[in-house]
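Copied from TrEMBL, the annotated features are:
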- G164, R165, S166, I230: NADP(+) binding site (BINDING)
- 9-119: domain 'Tetrahydrofolate dehydrogenase/cyclohydrolase catalytic' (DOMAIN)
- 138-284: domain 'Tetrahydrofolate dehydrogenase/cyclohydrolase NAD(P)-binding' (DOMAIN)
Amino acid sequence: MTVTARLLAGAPAAEALLADAAARAARLSAPPYLVMVRLGDDPASVSYVRGKDRKAREVGLSSTVHALPETTTQAELLDLIARLNADDRVNGILVQLPLPAQISEQAALHAIDPRKDVDGFHPLNVGELWAGRPALRPCTPAGILALLDHYRIAVAGQRAVVVGRSHIVGRPLAGLLLNRDATVTLAHSRTPDLGAVTREADLLCVAVGQAHLITPDMVKPGATVIDVGINRVPGEKGGKAHLTGDVHPDAAQVAGAITPVPGGVGPMTIAQLLANTVTAAEMQSGGQAAR
Ligand SMILES: NC(=O)C1=CN([C@@H]2O[C@H](COP(=O)(O)OP(=O)(O)OC[C@H]3O[C@@H](n4cnc5c(N)ncnc54)[C@H](OP(=O)(O)O)[C@@H]3O)[C@@H](O)[C@H]2O)C=CC1
Ligand SMILES: Nc1nc(=O)c2c([nH]1)NC[C@@H]1CN(c3ccc(C(=O)N[C@@H](CCC(=O)O)C(=O)O)cc3)C=[N+]21
């Protein structure tokens, strides 16, 4: 008998998040304004920023993209960030990662006004997350929690394993799960016998960037599997390239519920960014604090 996991599609959960954000935006005196900064022409970055920009307009936010050359100096980027910080019309600032080698990621992320830091990457917001206090939360991890809530999947008391410890996904996701009373394990490339660790998980979240790293034997039967990975697989003999996750598709025969790639976590990341932009605008208008 083949058991097939419940598919946790991102689109309906993202629509719900966006509808709530649009309703909150409508109560403000002006549409929340998001500014994105992108350096160079990495095709993935170009496509992600375009997707975020399009969605922002769709839900009635204002959005501008600064596309700067690959050769932009750190001083030039910091100067632009300082001007955006000082501009009262701007509610949210996102600097798309990765940055070219001549620019320190740390310098750029520290320069963004924490109240406009819709990525939640500023050390002040990182600290508030780990202290369990309200602040702007990183979009992919917060989007994953919103996805779990949308599908009414319990987090409190669950054994959660996060594979990958990056600053943009793994670490903040572990913190958010901890804040929601999961028992959290954070695994990485130096974790011996990864399968023994992942098999413990009621909730398995994978953010590594290696196609099909997680095979069906590494999944506890009935577990919820969140596949964050986006891996581009070239088409065979000139065929079309396609995207695949960090989790082997056959894991759907073991898991209780699983996110697809594409169409799972990706749309939630974008929706959460726009929700964060509305939250930032609310905070700046003297309204409610971040949730
Ligand atoms: N859907 C979405 O919205 C998003 C998707 N992504 C995708 O998620 C994936 C991860 O992104 P990101 O977090 O930025 O990646 P990083 O490359 O920054 O981090 C990868 C992490 O995976 C760990 N790792 C590498 N190899 C292994 C292994 N064999 N076993 C266990 N752990 C391993 C690394 O460990 P170590 O620290 O020891 O090196 C590191 O912590 C990518 O595919 C990316 O495209 C990212 C952001 C958003
Ligand atoms: N400052 C910063 N903030 C980020 O949040 C950030 C970043 N830099 N750098 C890169 C990663 C990656 N990321 C994604 C966003 C949307 C999709 C997404 O929409 N994915 C679609 C598919 C997209 C496609 O077809 O290429 C999906 O999974 O269905 C994926 C990945 C945000 N990131």
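First residue shown is number 1, and so on along the chain.
From the backbone N, Cα and C atoms, a Cβ is placed for every residue, glycine too.
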Message: List every residue in the same chain as I230 (NADP(+) binding site), at least 6 positions away in sequence, whose Cβ is under 8 Å from its Cβ.
response: G209, L243, G245, V261, P262, G266
Cβ-Cβ distance under 8 Å to S166 (NADP(+) binding site), same chain, at least six residues away: A207
Field: Candidate with the highest Cβ count within 10 Å, taken from the binding-site residues G164, R165
entry: G164
